[in-house]
Amino acid sequence: MSFFGLDCTRKKEGEVERKIRANDREYNLSFKYATNSIKTSKYNPFTFLPLNLFEQFQRIANAYFLFLLILQVIPAISSLSWFTTVVPLVLVLSVTAAKDAIDDIVREVCCEPPNNRLDRFTGTLTFNSQKYSLDNERVLLRGCTLRNTDWCFGLVLFAGNKFRQMCGVCSGKFGHYKLLTKVVFSNTVFSAFLTFWSYIIILNTVVPISLYVSMEVIRLGNSYYINWDRTMYHAGSDTPAEARTTTLNEELGQIKYIFSDKTGTLTQNIMTFNKCSINGKSYGQDQSVEMTPVDFSFNRLADPKFLFYDHSLVEGVKLELPDVHAFFRLLALCHTVMAEEKREGDLVYQAQSPDEGALVTAARNFGFVFRSRSPETVTIEEMGIQRTYELLAILDFNNVRKRMSVIVRNPEGKLSLYCKGADTIIYERLHPSCSEFAGEGLRTLVLAYKDLDEEYFSEWKQRHHESSVALEDREEKLEKLYEEIEKDMMLIGATAVEDKLQDGVTQTLEQLAKAEIKIWVLTGDKQETAENIGYSCNLLREEMNEVFVVAFALESNMELEFLRTACICKTVICCRVTPLQKAQVVELVKKYKKAVTLAIGDGANDVSMIKAAHIGVGISGQEGMQAVLSSDFSFAQFRFLQRLLLVHGRWSYLRMCKFLRYFFYKNFTFTFVHFWYAFFCGFSAQTVYDEGYITLYNLVYTALPVLGMSLFDQDVNAGWSLEYPQLYVPGQLSQYFSKRAFMMCALHSWYSSLVLFFVPYAAIYDTARDNGKDGTDYQSFALITETCLTVTVCVQLGLDLSYWTVVNHLFVWGSLGMFFILTFTMYTDGLYRLRPSSFAFIGTARNCLNQPNVWLTVALTAILCVLPVVVYRFLSSQISPTINEKVRYKVCQMKEPAPRPRRTRLTRRSTRRSGYAFSHAHGYGDLMTSGRYLRRNALTCSTGLIPTGRSPGFKPTGRSAGYSPVGREQNPKQKVEPTSLQVFRAVKDSFF
């Protein structure tokens, strides 16, 4: 705002940078930074009631019933007492408020998923006139655990509401129910048709407020079933299944597409060193052939759990072959593993990824033992001789580089760069031996080295330091330096590690495929590895005609072609995809296919995919808890997915659909009776029922039976659900609750209301009681109609129930008993004297229900109401039975428990190619060289190896001494040609 040329507005300038001095409170307070006071709760004792009520009345249903309550207090409009609405409304608000209070008490900080704001930090530390680089690896977030040090110096950077994770806190929101979107409109249209405000009040029970509370209870109960399922408990890791949300249970029964990660999800993510290639010679034998493992007894530091079956490799180590020594020396030096040695010879490795742990363990067993590290050194034992290398730099791994390098100076003073990475990154063309490993489904990793000039490295190191402390474009500058020095490397060899399938993966995938669930595997591995895993778990089979390879498929001009091609394939495996591309594939299917999607993964690289899908499932494995914390459901093994979907998901969907159909039937029937009565009361808005009955109908008389059905009903047990996965298909097609099912429910309610009104009306028309008094009066008619309605809805519930339990019997018969007890109680003289206007039906129950013709009327009405349902179900089961009816009939005929699921044996081992894909997680190289931890020096006591054939004057040979077994240089730049799209079909646009 400008006034006479003056700018009168006060602009708050954004914070460009933050300066903090250690142990200087006065200096830091001058910037008025936020204090270290963090509030993660939504309420306090004073604000809970107003804030909670404000949030609850933002829900349309609650606001609607509040509006009805206002209308009811206007005598000129309402024919009902206000308590018929206020009692259920207060009950619903109280239950929801209690739930919100409990959630707020146990609330944790709710953070955004990994993104460019949480996983990046740029800063500089100035100490003793020297600048040191600060990045996200130097930031300790909430929940971090310090290891390998007893203490450290720390400085608070962000506090209070500026705390980084606090910036991602989101307020709780009410869930939205997809199944209700199809029926709320009907209430609106029906209400709009009515002409009087009074009938808006009377007909509000079409969708009562208790519907929402009942749905929450059902969802909560079905979530606990998942948590309590012992068959989904993994004893090895002591991990039970967990439903981390209570609003998506029924959608588990409608899954059409599953997007799965490979490593750690389908596989165990426990790597074993299987084969290697050194200077063109392959080592390692197929473990399926009966061979004796290598004897590592000569090495007292060997890991007893490590197995290898090619004796020629250990002989090469003992013969001091330069190529072999250089190979294992690189494995012992080029990594970010931490070693713990609590007592002499007892080494425990903590690796960033299972791949690194397997490779360092292999080097350990073959005589090159990684013992310890400090920020400046790496200590290893080479064939019994301890050697300390000066660690000059770590060029760490990331998603783009897919490689890591270390620059070290050996004890003789020679500078070398050691590098390992994905084959397509290290060199343009693979050696035939490396391709052979890929054909057996192994993860190949290429090793290379480069000798460095001292003068060039000093100049490069200075530029590296300047780039590392830059506040702008730090990552880009460092990447250019890494590219510069990682050129013209010499090939040493390749490693191959094996990641076996988890137990039950093949059988689970087969079961899900029989349930018409499409499974897409999204992996960062190369094509050959992905194909081989596909054959191993029977996703790919020999009888399949072709495997289609698509390049640049997610480009805007290619995505529809990719989706069309993928949707006509029996199996889809996307390889070489990044975490972002995984999410893009999921979003593509969600955008163009009207289907419920599920994504399952185990690592941080799967978080984007898990968040993008309708339902996210996290596996708690070797990659940490990032996927689990971002998921809706979690467990420890992929095989539990079939029980989650085929049992819990199907039951939840079936129960919720039965609940909605029955709930709308009983309430539509209850409400439609008013419509017929309007023709006899002159549309005066007089109600058919007693006000007490209107209040208690949904809260007491019919609440527990439908909850019992929705929590305990099952068409077949868990064993038969797994034996016949085809039972899952109706949920994908929304057959249990569709527009047609809703219209059938409304039609049945219309017919039942017609019977419930006119049969009692005709039964008492112009009649007299046993005592000769007139039996035709409004109060008697109302009570008979109430009794007929209560009995009819209970009979209908009994027909809908497939599985009777003790709880169901208790709820059904108990609700009927409660109806008669409360009816006789409310119609007594005592309550009439207390409040005549509310209890006007004095003596009606005892005078009416003792007449035989009344009970005959109740029986006739109930039979006529359910007769069309019985006839329809009988004819449909005989003419066109559903899959559920067929299976139930077979189960009844067999009269025996379901067999246990069969486990399929693998019948072939693919000869197709495969390859290595690195972990997507950023490496720990900066941590190694930061000096942020203290380690004692390596134990200098007796050697852990028994020297074999070595002279005391042995000097190192191989690449660290200038020897190169490979005479050619690597191309500094590699060009990867895109794979062309193989198209064989023409699909019309109408395919969608």
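Cβ atoms are placed via backbone N, Cα and C, with glycine included.
Asp261 (active site, 4-aspartylphosphate intermediate): 29 other CB atoms within 10 A of its CB, across all protein chains. What TrEMBL lists as active site, 4-aspartylphosphate intermediate is Asp261.
In the structure as shown, the Cβ atom of Thr263 (ATP binding site) sits within 10 Å of 30 other Cβ atoms. Per TrEMBL, the feature ATP binding site maps to Asp261, Lys262, Thr263, Glu356, Phe397, Lys420, Arg443, Thr523, Gly524, Asp525, Arg576, Lys582, Asn605, Asp606.
Taken from TrEMBL, the feature Mg(2+) binding site covers Asp261, Thr263, Asp602, Asp606.
Summarising the annotation, TrEMBL assigns domain 'P-type ATPase N-terminal' to 20-86. Over the domain 'P-type ATPase N-terminal' (20-86) the predicted model carries a mean pLDDT of 71.
Under the heading domain 'P-type ATPase C-terminal', TrEMBL lists 628-882.
Residues annotated as region 'Disordered' in TrEMBL: 949-979.
What TrEMBL records for 63-83 (among others) is transmembrane segment.
TrEMBL lists 189-213 (among others) with the feature transmembrane segment.
Annotated transmembrane segment per TrEMBL: 659-680 (among others), in sequence order.
Under the heading transmembrane segment, TrEMBL lists 692-712 (among others). Sequence-distant neighbours of the transmembrane segment (692-712) (same chain, 6+ residues past either end, Cβ-Cβ under 8 Å): 80, 83-84, 87-88, 91, 205, 208, 210, 214, 217-218, 221-222, 655-656, 658-659, 662-663, 666-667, 670, 782, 786, 790, 793-794, 797, 800-801, 803, 805, 807-808, 810-812, 814-815, 818-819, 822-823, 826, 838-839.
Below 8 angstroms of C-beta separation, residues 182-183, 186, 657, 661, 664-665, 668-669, 671-673, 675-677, 688, 735, 775-776, 780-781, 784-785, 788-789, 792, 853-854, 856-857, 860-861, 864-865, 868-869 of the same chain, each at least six residues beyond the ends of the transmembrane segment (741-764), sit close to that stretch. Among the features that TrEMBL reports, transmembrane segment is placed at 741-764 (among others).
The feature transmembrane segment is assigned by TrEMBL to 810-832 (among others). Sequence-distant contacts of the transmembrane segment (810-832), counting only residues of its own chain at least 6 positions beyond either end whose CB sits under 8 Å from a CB of the stretch, comprise 690, 692-693, 696, 700-705, 707-708, 783, 786-787, 790-791, 794, 797-798, 838-846.
Cβ atoms under 8 Å from those of the transmembrane segment (853-875) belong to residues 748, 751-752, 755-756, 759-760, 763-764, 767, 784, 787-788, 791-792, 795-796, 799 of the same chain, restricted to positions at least 6 beyond its ends. According to TrEMBL, the transmembrane segment annotation covers 853-875 (among others).
In the structure as shown, the Cβ atom of Asn605 (ATP binding site) sits within 10 Å of 26 other Cβ atoms. In terms of Cα spacing, the recorded positions Asp261, Thr263, Phe397, Gly524, Arg576 that come within 10 Å of Asp602 (Mg(2+) binding site) are Asp261, Thr263. Applying an 8 A CB threshold to same-chain residues 6+ apart, the list for Asp606 (Mg(2+) binding site) reads Asp261, Thr265, Pro579, Lys582, Ala599, Ile600, Gly618, Ala627. Burial estimate for the binding-site residues (Phe397, Gly524, Arg576, Asp602): highest at Asp602, by number of other CB atoms within 10 Å.
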